[in-house]
Structure formats: structure tokens, C-alpha cells
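Asker: Dropping a structure here in C-alpha cells format, bear with me for questions.
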């Protein structure tokens with residue numbers, strides 16, 4: 001019985017850790033999901049954005065006390081506007097998705113939500129992109145990746 005409990009806890013800890021992508025692994029993944037050039041945004045800009053928001057980590061969350069909302073996952077999808085975490089007051093859930101889906105290793109739903117956001121608001125919806133990527137040479141974010 002103890003062995004089953006320990007195994008269960010180990011499996012739980014694996015799912016809770018999330019995934020921290022390597023640079024080129026994420027670049028290939030985002031390209032495969034069709035983000036390279038999506039709505040005019042280059043792959044290097046998406047890479048800069050995800051580095052600035054989460055350091056390529058699917059498990060990152062950040063609470064925003066002013067809006068009582070939380071940003072989730074590799075793209076830091078906000079619970080007030082884009083996903084439902086069940087606790088953010090007056091949440092809109094523009095992507096029609098649970099915020100917990102933004103924290104998964106499989107970033108399919110996170111990418112779909114990011115596409116929705118950029119389609120409606122443009123890349124400037126992300127503060128990290130405005131502060132760290134806009135009007136900068138972002139080529140280093142994909143340099144060395146065999147794409």
C-alpha cells in the first residue's frame with residue numbers, strides 16, 4: 001500500500017512540475033503549431049514574448065492584485081480576459097478554456113488561446129513583448145535552431 005501511495009505522489013509531482021522548454025525545442029513546437037508569421041508576427045517575436053513572459057516555462061503563474069487576476073503558463077494568459085480559473089471576479093474567458101489548461105506540458109490549448117489574443121488585440125496585448133521585444137533585434141531567440 002505504501003508503494004502505491006509513494007508511486008502516486010511521484011506521478012503527481014511530475015504532472016505538477018510542468019515543462020521548461022529548451023529554446024530550439026520551443027521554436028520548433030511553435031512553428032509546428034503555425035505561429036511563425038501568424039497575423040504577421042515572426043517566430044522570433046513569439047520566442048522573445050514567451051521568454052519574457054515565462055522563460056519558456058509552462059508552469060509559471062503570476063498573481064495581479066490590482067485586477068485580482070492571474071497570468072498562466074508559457075504565454076501568461078490572463079484569467080480576467082482569456083481563461084477561467086474559477087476565482088477571478090467578472091472573468092470574460094475569451095478563449096473559452098480553463099486556466100489550468102494553460103499550465104500543461106502540451107501547449108496546444110495555450111497556442112490556440114495565444115492565436116485568439118493576437119487575432120483580437122495584436123501582439124501588443126503582451127506587456128513583455130512591448131517592454132522587451134518591440135523595435136528590437138529578436139533574431140537571437142531563434143539563432144542556432146535548425147528550423
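Cβ from N, Cα, C; glycine included.
Taken from Swiss-Prot, the feature active site applies to 53, 71. Positions annotated as disulfide bond by Swiss-Prot, on the basis of sequence analysis: 24-145, 48-133, 83-99, 95-113. Taken from Swiss-Prot, the feature domain 'C-type lysozyme' covers 19-147. Annotation comment: Swiss-Prot describes 1-18 as signal peptide, evidence class sequence analysis.
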Asker: Over the span of the domain 'C-type lysozyme' (19-147), count residues by DSSP class, listing helix, strand and coil in order.
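Answerer: Counting residues per DSSP class in the domain 'C-type lysozyme' (19-147), I get 56 helix, 14 strand, 59 coil.
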Asker: What same-chain residues, at least 6 away in sequence, bring their CB to under 8 Å of the CB of residue 53 (active site)?
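Answerer: Sequence-distant Cβ neighbours: 60, 71, 74, 75, 76, 126, 128.
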Asker: Averaged over the whole of the domain 'C-type lysozyme' (19-147), what is the pLDDT?
Answerer: 98
Asker: Please determine which of the disulfide-bonded residues listed here (24, 99) has the lowest count of neighbouring CB atoms within 10 Å.
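Answerer: It is 24 that, of the disulfide-bonded residues 24, 99, has the fewest other Cβ atoms within 10 Å.
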Asker: For residue 113 (disulfide bond) and residue 99 (disulfide bond), what Cα-Cα distance in Å is obtained after rounding to a whole number?
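Answerer: If we compare the Cα positions of residue 113 (disulfide bond) and residue 99 (disulfide bond), the gap is 10 Å.
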